[in-house]
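First the structure, in the form of structure tokens, and then the observations on it.
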Amino acid sequence: MVLKYDYSNRIESNSGIFMSDTWLNKVNWSADGLVPVVTQDAISNKVLMVAWMNPEALRLTAQTGEAHYWSRSRKKLWHKGEESGHVQKVKEIRLDCDEDVLLLVVEQVGGVACHTGRHHCFFKKLEQDQWLVTEPVIKNPEEIYGQR
């Protein structure tokens, strides 16, 4: 089942230009009102992470120019970098050919996208029958988030 949301109000984008948000209707939202988001570094072109958005997260991302996601585990909106300071400044938002996956091209502030303190979340590589860690920790997560 695909949900289509009908938003007829307007938002002010980060450029100060008002735009209709009926573009949200083009996204094929899943039955739970979410869409997967692939986030890519604008400089290295590496995939930094995969997350989820609901319509409000996508609207906020377009409005503010910084990435907002929907946390499925916490069941709430999440402004990337709200705790760590490692925000994602959005350069492009793209919709795939089936209109059910988003791509964010971002500038990753501070170089750390992963909660493990690494540049990206895909730091484990399959070598024969083992997952090997291939990326270094840039910043200790305890320094970023404190003791959890």
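Cβ coordinates come from backbone N, Cα and C, glycine included.
Curation does not apply to TrEMBL; its annotations are automatic.
Sequence annotations record features per position, and here TrEMBL assigns domain 'Phosphoribosyl-AMP cyclohydrolase' to 49-123. Residues or ranges marked as Mg(2+) binding site by TrEMBL: D96, D98, D100. The Zn(2+) binding site feature in TrEMBL is assigned to C97, C114, C121.
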Long-range Cβ environment of C114 (Zn(2+) binding site), under 8 Å and at least 6 residues apart: L48, M49, H120, C121, F123
Check: same-chain CB within 8 A of Mg(2+) site center, minus D96, D98, D100: N28, L95, C97, E99, V101
Binding-site residues compared (D98, D100) - the one with the fewest other Cβ atoms within 10 Å: D98
Binding-site residues: C97, C121 - member with fewest neighbouring CB atoms within 10 Å: C97
Overall pLDDT of the domain 'Phosphoribosyl-AMP cyclohydrolase' (49-123), taken as the mean: 97
Which same-chain residues, if any, lie at least 6 apart from D96 (Mg(2+) binding site) yet have Cβ under 8 Å of it: L102, L103
